[in-house]
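Summarising the annotation, Swiss-Prot assigns region 'Disordered' to 1-20. Residues annotated as topological domain 'Cytoplasmic' in Swiss-Prot, with experimental evidence given as evidence: 2-96. The N-myristoyl glycine annotation in Swiss-Prot covers GLY2. Taken from Swiss-Prot, the feature phosphoserine applies to SER33. Residues or ranges marked as transmembrane segment in Swiss-Prot (evidence: sequence analysis): 97-117. Among the features that Swiss-Prot reports, topological domain 'Lumenal' is placed at 118-274. Residues annotated as disulfide bond in Swiss-Prot: CYS214-CYS253.
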Amino acid sequence: MGKSLSHLPLHSSKEDAYDGVTSENMRNGLVNSEVHNEDGRNGDVSQFPYVEFTGRDSVTCPTCQGTGRIPRGQENQLVALIPYSDQRLRPRRTKLYVMASVFVCLLLSGLAVFFLFPRSIDVKYIGVKSAYVSYDVQKRTIYLNITNTLNITNNNYYSVEVENITAQVQFSKTVIGKARLNNITIIGPLDMKQIDYTVPTVIAEEMSYMYDFCTLISIKVHNIVLMMQVTVTTTYFGHSEQISQERYQYVDCGRNTTYQLGQSEYLNVLQPQQ
């Protein structure tokens with residue numbers, strides 16, 4: 001810290017002595033100023049000392065690429081200053097990562113739209129599967145239990161639920177039977193199920209004249225034309241959809257009959273509603 005000062009030589013004259021004193025004072029002033037500045041620097045160093053730590057009590061400094069070390073346990077207390085031009089502040093392939101992220105998002109969105117986009121649910125009325133006939137002779141009434149068959153096709157990539165099937169049968173513009181089935185089944189993705197439903201019908205009262213026709217022995221086949229109406233309600237993702245169809249169908253009211261599905265026994269008068 002301190003500096004050693006050399007002894008000044010004695011001067012022979014007053015002028016030389018004066019000059020010597022002046023020079024000595026100036027030199028002392030410079031020395032004191034230098035000492036003061038040096039003390040100030042030492043004070044700064046004492047406040048912010050630079051210490052190099054080595055050994056087991058230090059870890060590699062993450063901001064100086066391994067050239068310096070900081071005490072272990074102080075990683076969360078020290079702050080490192082990194083130049084703005086440091087390459088670590090400019091990650092490589094940023095554009096590539098952004099483009100890849102955008103591409104992945106678009107791909108996932110496209111797949112979600114493709115698989116979740118609602119597609120049609122096809123309902124095909126196959127025909128009458130069977131008809132069981134009974135009579136009430138006193139009331140001249142005909143009872144027909146008609147079993148029909150539907151094919152329901154799910155064209156979606158997710159399951160749909162057949163919530164209910166509502167059916168009715170008309171004869172000569174008069175409703176002679178109704179039926180409703182609830183909570184039918186669940187159809188898987190791209191799957192098809194065949195569903196049978198039975199509609200009990202009654203031909204009586206103002207149509208009692210049909211009793212004579214249906215019980216006439218001289219006729220082997222007692223076909224009557226009935227209009228079959230069916231509405232299928234399906235649900236998926238909280239959305240309900242109804243598909244309706246109407247068909248005219250021949251039914252034998254003179255005997256119990258089982259029909260071969262696929263062989264045309266009905267008249268396709270009305271097209272299914274789209």
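Even glycines carry a Cβ here, placed using N, Cα and C.
Taking each of the disulfide-bonded residues CYS214, CYS253 in turn and counting other Cβ atoms within 10 Å of its Cβ gives the largest count for CYS253. Across the topological domain 'Cytoplasmic' (2-96), mean pLDDT in this model comes to 55. Under the three-state DSSP scheme, CYS253 (disulfide bond) falls in the coil class.
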